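Okay, so here's the structure we're looking at.
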Amino acid sequence: MLPLVALVGRPNVGKSTIFNALTRTRDALVHDQPGVTRDRNYGVCRLDEQQPFIVVDTGGIAGDEEGLAGATARQARAAAGEADLVLFVVDGREGASSLDDEILAWLRKLARPTVLVINKIDGTDEETVRSEFARYGFSDVVALSAAHRQGIDELLDEVGARLPEEGAGELLDNDPARVRIAFVGRPNVGKSTLVNRLLGEERMIASEVPGTTRDSIAVDLERDGRQYRLIDTAGLRRRGKVEEAVEKFSAFKTLQAIEQCQVAVLMLDATEGVTDQDATILGAILDAGRALVVAINKWDGQSDYQRAQAEDLLSRKLGFVNWAEAVRISALHGSGMRELFQAIHRAHASATHEFSTSEVNQALEIAYETNPPPSIRGHVSKLRYVHPGGANPPTFIVHGTRLKVLPESYKRYLENFFRKRFKLVGTPVRFIFREGVNPYEGKKNPLSDRQVARKRRLMRHVKGK
């Protein structure tokens, strides 16, 4: 599992601002008023591609154990108990408070690895602020201003040095011969029914009540001589609907399952179309770069007119992922199962294919000659060579010059060209563009003795006039 980092502290110290900076999102609501965050909010930090980790933002601990404040404090304590690393966030402008002292006391009882993060140091004397918190006795202290993104890199370095390679808990199977498939979607779209159908037994609890599955459950399957690990995840609800602590943990487990799987099967309900919740889940899959198959459930119960309407809606809402195969199924009656597995195989094969440097360079050369980059304000990008940068998703690293002016339309052209040439289906394709470092940039070109003498003669001629 991915390591888990928890942000803990009293209200209004900037935990949500740090969360947004680490996850490059605005998922956490930020406001000067204390107590805006109440539940746990999970996201994935990929600022360091070598070691992504899950971040959990918690509500401020106000010291009151009654009512809403008490529930918020319990959520924060639960998050800290799950975490591989705790970031104890304090306010550098206001200084240490008695509430900070109380939080530190129970953090020490918890005995989790902890880093002190002093936020809001902009406009202050950093040394003075650090000395005020020195009495807490932390050897690991990061001072930053999350609102201005000052010190975020230092925080990442500190987190990276303290995190284990894998988080606590049971690891998902990493057997290369076993295809890991995560079934994700909104509550009650039929994920557990589908897994039960594939297994031939009622292994998962399936019910018409949304939210029956609360945890991610992994089971092994052998089908047609191939090994699979099927991961049935809890349905992801809209944030406003996720209230119970156990459902917060379910959302966390679903994110972990997406990160650890090789193929994500996004299940949609043919009777409801594509909703905002579906788009949110799809966004999590694309962020993780996982192979994708769209399974449209309850298709058998639709009339011809309803099917035509659903097809039109799918083409409009999911047109931007037209590289993913869509399979029409009935989890209840078992129709479409063979087509579903065939789509999973194609997506998995494309996502995990290993490319040679020679074949991708040949593809880049043909793409470049067929359609060279356009001139942008007199500058033309030059693509010199490319090499594979990894799999799942297939990644290609392109080296050249003036790549900053390479238009997005040309990047899409390259993606489509590589997809067509290598028959890549069901997987995102990523390109990373890198410019070579010019060793002479910013340096003056020294003149030879002959050039210096000529320059002097010219200057005398100019002055003589």
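The backbone N, Cα and C atoms fix where each Cβ goes, and this holds for glycine too.
For reference, Swiss-Prot has these:
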| type | residues | note |
| --- | --- | --- |
| BINDING | 9-16, 57-61, 119-122 | GTP 1 binding site |
| BINDING | 185-192, 232-236, 297-300 | GTP 2 binding site |
| DOMAIN | 3-167 | domain 'EngA-type G 1' |
| DOMAIN | 179-352 | domain 'EngA-type G 2' |
| DOMAIN | 353-437 | domain 'KH-like' |
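In the three-state DSSP scheme, Asn12 (GTP 1 binding site) is classed as coil.
In this structure, Lys191 (GTP 2 binding site) is part of a helix by DSSP. Note on proximity: of the binding-site residues Asn188, Thr233, Trp299, the one nearest Lys15 (GTP 1 binding site) is Thr233, by Cα distance. In the structure as shown, the Cβ atom of Asn12 (GTP 1 binding site) sits within 10 Å of 19 other Cβ atoms. Counting residue by residue with DSSP, the domain 'KH-like' (353-437) contains 32 helix, 26 strand, 27 coil. Within the set of binding-site residues Gly9, Asn12, Thr58, Ile61, Ile121, the entry lying nearest in space to Asn188 (GTP 2 binding site) is Thr58 (CA atoms). Over all protein chains present, the Cβ of Gly9 (GTP 1 binding site) has 27 other Cβ atoms lying within 10 Å.
Within the group of binding-site residues (Ile61, Ile121), the Cβ with the highest number of other Cβ atoms inside 10 Å belongs to Ile61.
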